[in-house]
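Positions annotated as domain 'Major facilitator superfamily (MFS) profile' by TrEMBL: 81-542. Residues or ranges marked as transmembrane segment in TrEMBL: 77-103, 123-143, 155-175, 181-202, 214-234, 249-268, 354-373, 393-410, 417-437, 449-469, 490-511, 517-538.
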Amino acid sequence: MVSDSVRFRGPANWATWKGHGFYQTSRKTMADKKESPESEHFESDIKSDPAVFIPAPGSARQPYGESGLKGILTNKYVAACAAFATLGGAMFGYDQGVVSITLTMDQFLERFPEVGPDAPGAGFQKGILTAMIELGAFIGAMNQGWIADKISRKWSIMVAVIIFLFGSALQTGAMSFEMLVGARFVGGIGVGMLAMVAPLYISEIAPPEIRGTLLVLQELAIVTAIVIAFYITYGTRYIPSEWSWRLPFLIQMIPAVLLAVGIPFLPYSPRWLAGRGRDEEALQVLCKLRGVDPTDERVIREWVEIRSEVAYCKEVSIVRHPKCQDGSYTSRAMLHVWSYLDCFRKGCWKRTHVGIGLMFFQQFGGVNALIYYSPSLFAGMGLNYEMQLHMSGVINICQMLACFWSLWGMDKFGRRPLLFGGASCMVLAHLVIAVLMSQYQSNWPAHSTEGWVCVAFLCFFMLTYGASWGPIPWAMPAEIFPSSLRAKGMAYSTMSNWLNNFIIGLITPPLVQNTGYGTYVFFCVFCAASFVWTWLFVPETNGKTLEEMDSVFGDNTSSVETEQRARIEATIWAYAAQRSDGLEGTHQII
């Protein structure tokens, strides 16, 4: 047994252990406790003290530092990596900001009369054009799970960037409505892949104290890009040629190129490395991300927790899918397919439900209806054309400011309180707008005050959404799934986002055109439902490590599973102490 703490003496370079890795994550099972040939030596440049502190399993975890913005200031390297990865989210946000004004440009309507105000079926065609990027993103998110598991989180970002650049080039050069729709579909595939893997990558490199704050960066990148794109397009509309709308599409390639150049310099996810059996490399990356040396108690504990989680998930996979363990291409492909289905099995279905549900209610709260079609909505409130465009920019700025607040509030208050507060305020905003529009929509010139009250509550909606249901549905799915299913679970969650975003893009134009204030009643009902759903199903994850989510959800609480986890972790700790004493045990477990 390992006592409350163990001080052991190891070699000057304690990472250089014969048969590196005291709990090697290979394809063996716990039942195969046979001695394996010596694995290659791992030569590390990291030195340790003669006496290394090893904390016992079950003892209290010590934080790496403060939470929130203060924690970011003391973890500059991991914050920089996370911020750079969110350029993928910025690409999607940029597209959203471009569309709202582009759809009103005379030069754009001359090239694509199918979406002109007088064209038959213009509402449906506009919905198809707007929503096609979401349909492509759905396909991209669906496939990014296995790609991120296969080639790593960071290199899957590169694949997504290449696809996005191809789609952007096609959009810039589109000569027909059909070509533009197809180009947006291709670009959407890249967007969906990026939006899925960026939060996944951030969650796996971030310490628990600032994980929520760093995950807010994804939403912040989206809304900041929306604002930038909106005002770029607002300016280019004065260009007296087709470059008024082609130039904004071309500019969106800039962040993609920057991301492609920087990807080789990003670190691998330590959890992905551990899952591939590259344990010592995982330790090195983890130490660099945390800014500590490998003798630090906190990083040792986190490293062991990661390896324990990987080992446990491998054992579960072996038990569930024994015929897919021979290492052949067919077996690996089948294992990927089964892992998608495992997200709905005992031990994970609650998390999948939460991930999909958060994205569903995020979209059916109505935010993208406001972003895509804000000029039309403001026209319904009696504003003239120039004021429609100005206020469309203002509501985007409101969302961006709220996201800045959530950088502090996410880890300060937790996820559930923000979801409750956001849902309540969003219900109020939709309800007030619906009531005022039902009474005064037929004669806004005589009721300009009421019209401006509607505008004010739209801004209020964006502020509360940006601080709650904007960032949290991106943050939570990236932190709740077990390591072996995290990419697949995040894929399901992101697919939910894009599918529901696609639906919203299709139904909003006819909804606004045919129901008026009924649009806000429709979204109000879903905001109220999101409050009840959160109360019933969404747990608090604030301050928990990724490896502690089993206890948060209560998914793996049977005595057998508890004993199995305890045995794995105890074996790792005991084997660490055994190796440090200079014993030459060469067997590898799992």
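Note that Cβ sites are derived from N, Cα and C of the backbone, with glycine treated the same way.
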Stretch with greatest number of CB pairs under 8 Å, the transmembrane segment (123-143) reference, 214-234, 417-437, 490-511 candidates: 490-511
Long-range neighbours of the transmembrane segment (517-538), counting only residues six or more past its ends (CB under 8 A): 350, 353-354, 357-358, 361, 364-366, 369, 377, 415-416, 419-420, 423-424, 426-427, 430-431, 433-435, 437-438, 441, 469, 476, 508, 511
Criterion met for the transmembrane segment (449-469) and the transmembrane segment (77-103) (at least three Cβ pairs under 8 Å): no
Interface check, the transmembrane segment (354-373) with the transmembrane segment (490-511), three or more C-beta pairs under 8 A: yes
Outside the transmembrane segment (249-268), six or more residues from its ends: residues with CB under 8 Å to it: 81, 84-85, 87-88, 90-91, 94-95, 98, 152-155, 157-158, 161-162, 164-165, 168-169, 171-172, 205, 225, 229, 232, 281, 285, 288-289
Positions on the same chain near the transmembrane segment (490-511), where near means CB under 8 A and six or more residues out: 123-124, 126-128, 130-131, 134-135, 137-138, 141-145, 188, 192, 195-197, 199-200, 340, 343, 352, 355-360, 362-364, 366, 368-369, 372-373, 376, 473, 477-478, 481, 518-519, 522
For the transmembrane segment (214-234), sequence-distant contacts whose Cβ falls under 8 Å of one of its Cβ atoms, 6 or more beyond its ends: 72, 78-79, 82-83, 86-98, 100-102, 195, 198-199, 202-203, 206, 245, 248, 251-252, 255, 371, 389, 392-393, 396-397, 399-400, 403-404, 406-407, 410, 466, 470-471, 474-475, 478-479
Residue numbers, six or more beyond the limits of the transmembrane segment (417-437), whose CB comes under 8 Å of its CB atoms: 365-366, 380-381, 406, 409-410, 450-451, 453-454, 457-458, 460-461, 464-465, 467-469, 472, 516-518, 520-521, 523-524, 527-528, 530-531, 534-535, 538
